[in-house]
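Q: My questions all concern the structure below.
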Amino acid sequence: MDARVIVLFCSIILTALCPQVLTEFQDTGNNTSSKLIITSNLTFPYTIRDGTTSMLEFNYSFFEEVDVTYIRDGWVIIASLDNHKIANIPNENKFHIQAISPSGGISISIQGNLPGRTTLYFHGKDQVNKTQISDTEDSSLLNVEKYGQTSWQLFVQREEMPIDIVFNVIIILLVVFTNVGMGAKVDLTVVKSQLRRPIAPAIGLCSQFIFMPLIAFAVVCTLNMDVGIALGLFALGCSPGGSASNAYTFLLDGNVSLSVTMTLISTIASLGLLPMWLFTLGRVVYKEANVRIPFQNIFFSLLGIVVPIIVGLFLQRKFPKIASCFVKAVKYIMILFIIFVMTVGVYANLYIFSLMSGEVLLASALLPYLGFIFGGLAALIGRQDRANIIAIAVETGIQNTGIPIILLRLSLQGPDKDTSIVAPVASAILTPIPLIFGILFVQIRKHIKARKTNKDNSVEEFADNEKESSKDAKEFEDLILTTEDDP
């Protein structure tokens with residue numbers, strides 16, 4: 001059998017078995033072309049550790065017989081990445097095709113920078129004529145002819161450190177203690193009184209688990225974000241309200257009883273509604289990525305979040321003294337937690353701030369801010385009073401960021417485990433901004449109103465004193481006249 005036929009046969013077998021990319025070199029002078037195949041024995045998606053450099057081996061060969069005299073000395077294969085923030089090629093990325101050997105190997109050094117996904121592309125270029133050899137939709141990336149795999153996906157993953165494990169454990173303990181404290185502190189008689197008028201809680205529940213997931217989905221589809229970050233934002237939009245909403249509602253002169261009731265109901269309802277959204281609409285978010293969500297992990301993690309609330313309610317009913325002590329202890333635990341997050345937590349997750357691009361910050365701000373607006377409008381349409389409107393708006397916009405962090409970090413694998421917490425953290429930082437301005441406005445208005453009231457009271461008191469003084473003077477004058485008339 002002719003050697004050239006054997007080479008061609010082996011090339012076809014190789015392209016069928018290995019990941020491949022096909023590009024075409026053209027000689028416009030002779031009106032001829034030949035197709036080049038790039039293959040690799042590596043398994044893709046290929047994982048690289050951040051802060052390390054990996055050497056990736058590829059092979060190239062022509063798909064069909066080619067005359068070596070046809071190959072120009074200026075022909076090169078150029079490798080490029082679509083996201084240089086995640087990874088970069090520190091060394092040479094141009095590989096010359098030798099005229100004496102129309103096939104060979106390529107070794108590419110790729111350095112991982114941050115957790116995430118990036119794609120490796122190949123394209124050909126004629127350095128002599130300074131022209132792109134193959135047709136391309138993008139001047140920097142080759143849209144190769146679809147013959148097998150057309151791109152090479154790379155994952156950059158963080159090496160899990162002991163401090164990461166400690167941080168995860170502390171977050172879990174915080175959520176558990178906070179939820180036990182919520183159950184131990186909530187007044188069930190107040191909750192029952194709110195549920196007797198179910199319109200306001202129903203509006204809040206619909207805003208929390210219908211508006212917010214749809215808002216999150218719309219933001220994710222509109223803005224171009226990494227799939228892990230997008231999934232974290234969507235999970236945040238499907239999460240229940242956080243305990244901080246009760247404090248903000250109080251400071252904004254809202255209905256605190258309604259806020260507490262909504263927080264309790266939404267946390268319990270999240271046991272079924274959060275997995276439902278991730279299982280349905282969430283699939284659209286990660287359908288094009290190699291993401292697997294173990295929903296049994298999601299369910300059991302949520303169960304571990306809801307059960308402490310039930311434990312707290314039990315303590316309040318059966319052991320009120322223990323419940324009271326636990327509520328006091330939670331306050332000090334929260335202070336220690338804030339100190340821990342601002343020090344150890346920031347140090348362990350510094351990479352998060354590098355991944356907070358303009359689009360990520362915009363998305364993380366839009367979710368709670370639109371939640372405030374939609375929640376307030378829903379309450380206004382439902383003809384609620386001012387205090388209820390404030391409570392529903394605040395409860396809708398403020399999410400329990402600890403829940404998506406725990407769920408996704410314990411359930412996802414690869415870089416998505418690290419990138420999924422970026423949006424919840426960014427949202428936790430940005431959410432209080434309009435609330436702080438609202439609190440300042442309310443407090444300043446109350447102060448001005450109090451001063452005006454005190455001033456009015458002072459004027460009235462002064463007028464009363466003047467009247468009293470005039471009356472006393474009149475009585476004194478009458479007394480003098482009476483004395484003078486006496487003989």
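The chain as shown is numbered from 1 upward.
Glycine too: its Cβ is placed from the backbone N, Cα and C atoms.
Annotations in TrEMBL come from automatic prediction, not curation.
What TrEMBL records for this protein is below:
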type: SIGNAL; residues: 1-23; note: signal peptide
type: TRANSMEM; residues: 165-182; note: transmembrane segment
type: TRANSMEM; residues: 202-225; note: transmembrane segment
type: TRANSMEM; residues: 231-251; note: transmembrane segment
type: TRANSMEM; residues: 258-278; note: transmembrane segment
type: TRANSMEM; residues: 298-315; note: transmembrane segment
type: TRANSMEM; residues: 335-354; note: transmembrane segment
type: TRANSMEM; residues: 360-382; note: transmembrane segment
type: TRANSMEM; residues: 421-442; note: transmembrane segment
type: REGION; residues: 453-487; note: region 'Disordered'
type: COMPBIAS; residues: 453-477; note: compositional bias 'Basic and acidic residues'
Q: Would the transmembrane segment (231-251) count as touching the transmembrane segment (335-354), i.e. at least 3 C-beta pairs under 8 angstroms with sequence separation of 6+?
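A: Contact between the transmembrane segment (231-251) and the transmembrane segment (335-354): absent, because fewer than 3 Cβ pairs are under 8 Å.
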Q: Per the definition of 3+ C-beta pairs under 8 A with sequence separation of 6 or more, do the transmembrane segment (298-315) and the transmembrane segment (165-182) touch?
A: yes
Q: Six or more residues beyond either end and a Cβ under 8 Å away: which residues meet both conditions relative to the transmembrane segment (258-278)?
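A: The answer is 179, 182-183, 186-187, 190-191, 194-195, 200-201, 204-205, 208-209, 213, 234-235, 238-243, 245-246, 249-250, 293, 295, 298-299, 302-303, 305-306, 309, 387-388, 391-392, 394-395, 400, 403, 407.
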